[in-house]
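> Pasting the relevant annotations from TrEMBL:
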BINDING   G98, Q99, T100, G101, S102, G103, K104, T105  ATP binding site
DOMAIN    32-375  domain 'Kinesin motor'
Amino acid sequence: CLFTFLCPRSRESAEGGRVIVEVDDKVAKVRNIKVDSRLDGTWDSREKTVAFSFDYCYWSVDPEDPKYASQEMVFQDLGTSVLSGAFRGYNICLFAYGQTGSGKTYTMMGTPVSHTIHFTLRGLFSRKDDYSDQTASCRVKVSFLEIYNERVRDLLKQSDRKKPYTLRVREHPETGPYVQGLTQRLVTDYKQVVELLEEGIAKRITAATHIHNASSRSHAIFTIHYTQAILENNLPSEIASKINLVDLAGSERADPSYCRDRITEGANINKSLVTLGIVISTLAQNSQMFSSCQSINTITSEGENSHVDSPSVGSISGTRRPAYIPYRDSILTWLLKDSLGGNSKTIMIATISPASSSYNETMSTLRYASNAKNIINKPRVNEDANVKLIRELREEIDRLKTMLMSFELRNSSPSWSDDRDGNLTELVLQNEMKVCMIYLML
């Protein structure tokens with residue numbers, strides 16, 4: 001799911017810069033200033049306006065504008081899908097990408113009454129309060145980390161900045177990458193989470209740049225672990241979801257006038273963002289190749305009946321292998337491995353500046369987001385394996401019983417029907433025995 005969000009405050013616009021971005025429903029149009037600035041551009045083959053289509057586009061430049069989109073409106077579109085996915089047991093990732101000063105942190109972690117995390121937590125705890133009966137309950141844990149100079153720092157743990165960062169990223173064969181020793185705080189109400197969030201934000205490393213007075217110099221990941229305990233098929237079961245809310249550091253060009261620390265920070269920020277771009281591009285390429293192979297295989301299978309010498313499915317699908325995805329080239333992409341092409345429902349917010357002085361950065365961000373639209377994730381419900389198996393076996397038993405009844409009603413060709421009924425009855429009994437065995441093991 002892709003969202004384009006124009007920053008509510010633009011330093012360039014305040015200084016008299018031209019607005020070169022227009023929003024038309026779900027399309028963001030950018031005026032090509034390289035062509036538009038020419039006196040006579042009739043000979044130039046490039047388009048004067050470049051259009052990018054997304055799932056949603058928001059105009060948040062001028063609050064007096066009738067098309068102005070508030071944070072509440074943004075949440076109504078993206079926050080409800082985040083909450084519904086979490087309640088059903090899916091992993092969710094929501095991350096904001098864009099240049100420095102374009103409104104990423106404002107959107108994700110801005111004022112306490114208007115940022116995305118605020119609305120998400122409000123929705124989670126309102127659902128938690130609804131668990132009044134004894135058949136269901138929920139548990140909420142949070143963690144907060146930042147990635148600074150390719151090292152992980154725990155923002156919910158008291159530590160000295162002068163000491164080296166010691167947290168390491170590991171990878172579990174089933175649950176995927178995680179940070180060893182990262183603090184997870186159990187919270188019972190919204191107020192506790194806000195206090196932890198403000199505590200972590202205060203510890204984030206920021207610095208003044210030419211574009212922003214308090215630019216984030218690190219990537220931040222606020223994770224909500226939401227676990228629901230329910231009673232299903234008279235068995236206790238748990239559905240767990242992980243919500244990653246990611247505030248990426250802004251991309252920017254290196255400036256020789258910066259001190260050495262600023263240049264090092266910028267180099268590491270750009271390195272992780274470039275790696276993220278490579279990962280997104282490779283995933284999009286693999287997804288397109290997979291879709292192409294599927295369509296070719298469908299056409300081939302349909303044509304096999306009419307063409308004897310038609311190529312086989314394996315020969316076509318095996319002509320190209322999926323490209324290698326360099327998740328481990330950056331700490332950021334390694335931690336977001338599940339969110340990028342894995343077990344997660346992922347939403348990307350692309351924040352841009354509408355000013356002409358930010359034309360190159362705006363075009364880069366929109367191309368980045370447009371490429372991400374092609375990624376195909378594989379989300380699944382994180383539920384108890386035994387309960388899932390019992391449910392699937394019971395569904396199979398019901399399906400076989402329905403088939404058995406239909407054969408009995410037909411009552412045609414008795415000898416064949418008896419054999420068929422016997423096989424179906426045997427399958428039903430086998431599945432019922434499996435269900436009983438699972439109950440005994442629990």
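Each residue, glycine too, has its Cβ placed from N, Cα and C.
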> Can you give the mean pLDDT for the domain 'Kinesin motor' (32-375), rounded to a whole number?
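Its mean pLDDT is 79.
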> Using all protein chains in view, find how many other C-beta atoms are within 10 Å of the C-beta of K104 (ATP binding site).
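By my count, 26.
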> Would you say which of the binding-site residues Q99, T100, S102, T105 has the most Cβ atoms within 10 Å of its own Cβ?
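Of the binding-site residues Q99, T100, S102, T105, the most buried by Cβ count within 10 Å is S102.
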